[in-house]
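Taken from Swiss-Prot as is:
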TOPO_DOM  1-11  topological domain 'Cytoplasmic'
TRANSMEM  12-28  transmembrane segment
TOPO_DOM  29-46  topological domain 'Periplasmic'
DISULFID  38-41  disulfide bond
TRANSMEM  47-63  transmembrane segment
TOPO_DOM  64-70  topological domain 'Cytoplasmic'
TRANSMEM  71-88  transmembrane segment
TOPO_DOM  89-145  topological domain 'Periplasmic'
DISULFID  104-131  disulfide bond
TRANSMEM  146-164  transmembrane segment
TOPO_DOM  165-176  topological domain 'Cytoplasmic'
């Protein structure tokens with residue numbers, strides 16, 4: 001019988017979710033709807049791509065070593081954990097009272113060209129007016145709220161993968 005929760009199948013699931021998430025963001029939200037991603041959205045995409053990259057390596061090479069599997073899992077978890085933290089911050093900014101929303105800044109490109117990386121991170125997480133605006137909702141949820149739900153599901157998937165790494169399925173002996 002086919003097991004859906006094998007190590008390799010779970011890694012392929014993560015790769016597929018990355019492809020769907022990135023395609024939705026690029027083709028639907030950016031190209032079709034015409035939304036430009038704010039700095040926090042870009043950072044969420046980077047985290048999703050990091051997770052997808054590690055999951056792709058794990059799915060393609062299917063390492064047998066528990067150490068290699070754990071390292072790939074840790075890299076993948078770091079990527080999606082980063083994305084979830086950024087999405088959480090984004091949701092928080094969207095729920096601030098209007099008088100507490102930070103003003104719009106010059107933009108991520110300008111910051112990357114003129115500021116050291118530590119200052120860029122500080123500016124991005126401080127947020128800006130564009131990060132606090134809600135451009136589109138689906139089922140009453142903003143894009144960052146939907147992203148946070150997706151990232152939470154992917155973190156739960158990582159816990160299932162960890163379970164598969166530390167306790168791999170062993171074939172049951174045939175009954176006599």
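Glycine is treated like the rest: Cβ placed from N, Cα and C.
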DSSP helix/strand/coil residue counts for the topological domain 'Periplasmic' (89-145): 33 helix, 4 strand, 20 coil
Recorded stretch that, among 12-28, 47-63, 71-88, has the most CB pairs under 8 Å to the transmembrane segment (146-164): 71-88
Pairwise Cα distance for residue 41 (disulfide bond)/residue 131 (disulfide bond) [Å, integer]: 8
Whole-number Å value for how far residue 38 (disulfide bond) lies from residue 131 (disulfide bond) (Cα to Cα): 6
Sequence-remote partners of the transmembrane segment (12-28) [C-beta within less than 8 Å, at least six residues beyond its ends]: 37, 41, 45, 48-49, 51-52, 55-56, 59, 76, 147, 150, 154, 157
Sparsest Cβ surroundings (other CB atoms within 10 Å) among the disulfide-bonded residues 38, 131: 131
Residue 41 (disulfide bond), number of other Cβ atoms within 10 Å: 23
Folded-back contacts onto the topological domain 'Periplasmic' (29-46), same chain, C-beta under 8 angstroms, at least six residues removed: 22, 79, 82-83, 86-87, 89-90, 93, 107-108, 111, 123-124, 127-128, 130-131, 135-136, 143-144, 147, 151
Contact set, same chain, for the topological domain 'Cytoplasmic' (64-70): CB under 8 Å, 6 or more residues outside the stretch: 7, 58, 165-166
